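> First, the structure itself, so that you have it in front of you.
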């Protein structure tokens, strides 16, 4: 193999041939390791002025002879945007920051994999030459993928072609989901995607494996933040057969256990305020902390956390199995058609109701244990449950069941509806032909979740009071029905009485979500569950 070079080289971003000389390819590789580019932040050409023959050879090898001025300018500008600290190279911090702020459709957790694709093996940084090589090679592979998706060879990929391609990969999408993917890639508003749009959108996704790309579209471009807590994850038949599903359930279980344990003090304070705070005693968060610490010390803030963690496994398994079966029934009723967003919401809410019914006795025990005093658990949880049964019978394990069940649907429905409405309004007024960024989606998700909690919290409070009624002297004379509790609270404490304890409930949201996300990602990777 040989290349054509010049001696000397004129200033400029491209190489103009004056004198031809054939150089063996092994010499090119030798020289390419020694040539350092200028800083891209200055928008200077890689080679400027008269340089040696070796530098010209290395430059040709790195930039490819057929690179046009327009293409080089585009690559330079892209490189400059990624080089956040303007030090002339790209490292892991630059990529993480860029993925977070510039490409919200690609998770920042992909930065290490992307860096490995771009850099040389003997370096932990990406030079301009490395980046150019990556862009050209990656775009070439993306062009091959685009050709496979573009079944009618018209140079455009539309909704039907996305659906067909995903189906070949074992993923069935309805029109709504396929349109969501196309809209995120489409820059012109044409409801289809050309090659340049496809390459621009997928350029920083560090893989061209067809199966991985379809997984990326399905899990990152469709599932909305507002649904995450309400509708269980969907798994394809291939993922069910390969065992991916259980790895994600295990990762989710470990993440949930860590999150609940770290935020258990917030949960105990909330439960205590729900049951004991009134208009007359004016018990607040700070005074509650002092009271609980004085009664049982620091360890007392984790009362009830053990059973709260234990119930994760049966609840998750029951919800997953129920959700999968309900989806199948709905699909059979519809003749095999894909589920809509609200059909998934119905299936998820129904699965949640079934799983809650199965593990509800553990919910009651969690509340009782969170409210217990020092010394009331001297012989373990089983003995504690046996004492409850002896004193109150089997019905005590389902106290507050009705408000708990009724609280599932309004929370899920309001959360999803508000989220979709806010996202639609944002897209209509603040963006053109593109989806909102990460910060906008997080804001929509936070608002929708808050609305869902505000709507369902009175039911949660009544549920907790009914669960705790037998062991709380203050509540011994209170009604033992849901409607009776609502009347009692409104008559004696007013409307604000329905929101006792909501402050610590909101306080735990950010740390709970953050811890859960970090632990989930770590465990998922350790188990080898690759989901982009």
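Numbers run from 1 along the shown chain.
Glycine is no exception: its Cβ is also placed from the backbone N, Cα and C atoms.
Summarising the annotation, Swiss-Prot assigns domain 'EF-hand 1' to 70-105 and lists sequence analysis as the type of evidence. The Ca(2+) 1 binding site annotation in Swiss-Prot covers 83, 85, 87, 89, 94 and is backed by sequence analysis. According to Swiss-Prot, the feature domain 'EF-hand 2' maps to 107-136. The domain 'EF-hand 3' feature in Swiss-Prot is assigned to 137-172; the stated evidence is sequence analysis. Residues or ranges marked as Ca(2+) 2 binding site by Swiss-Prot on the basis of sequence analysis: 150, 152, 154, 156, 161. If you look up Swiss-Prot, you'll see 173-208 marked as domain 'EF-hand 4', on the strength of sequence analysis. The repeat 'Solcar 1' feature in Swiss-Prot is assigned to 243-329. Taken from Swiss-Prot, the feature transmembrane segment covers 249-266, 304-323, 349-362, 400-419, 442-459, 501-518, and the record attributes it to sequence analysis. The repeat 'Solcar 2' annotation in Swiss-Prot covers 339-425. Annotated repeat 'Solcar 3' per Swiss-Prot: 436-526, in sequence order.
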> By DSSP assignment, list the helix, strand and coil residue numbers for the domain 'EF-hand 1' (70-105), in that order.
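Split into helix, strand and coil, the domain 'EF-hand 1' (70-105) gives 23 helix, 1 strand, 12 coil.
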> I'd like the number of other C-beta atoms within 10 A of the C-beta of residue 156 (Ca(2+) 2 binding site), please.
18
> Could you pull out which residues elsewhere in the chain have a CB under 8 Å from any CB of the transmembrane segment (349-362), counting only those six or more residues past its ends?
230, 232, 307, 310-311, 314-316, 318-320, 322-323, 326, 385, 397-398, 401, 404-405, 408-409, 412-413
> Go through 89, 152, our binding-site residues, and report the one whose Cβ sees the most other Cβ atoms within 10 Å.
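Of the binding-site residues 89, 152, the most buried by Cβ count within 10 Å is 89.
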> If I take every residue in the repeat 'Solcar 2' (339-425) and average their pLDDT values, what number comes out?
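Result for the repeat 'Solcar 2' (339-425): average pLDDT 83.
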> Taking DSSP three-state, what's residue 152 (Ca(2+) 2 binding site) in: helix, strand or coil?
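Where residue 152 (Ca(2+) 2 binding site) sits, the three-state DSSP reduction gives coil.
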> Quick one: which residues besides 83, 85, 87, 89, 94 have a Cβ within 8 Å of the Ca(2+) 1 site's Cβ centroid, in sequence order?
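These residues sit around the Ca(2+) 1 site: 82, 84, 86, 88, 90, 91, 125.
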> Six or more residues beyond either end and a Cβ under 8 Å away: which residues meet both conditions relative to the transmembrane segment (501-518)?
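Non-local partners: 255-256, 258-260, 262-263, 266-267, 269-274, 277, 285, 449-450, 453, 457, 461.
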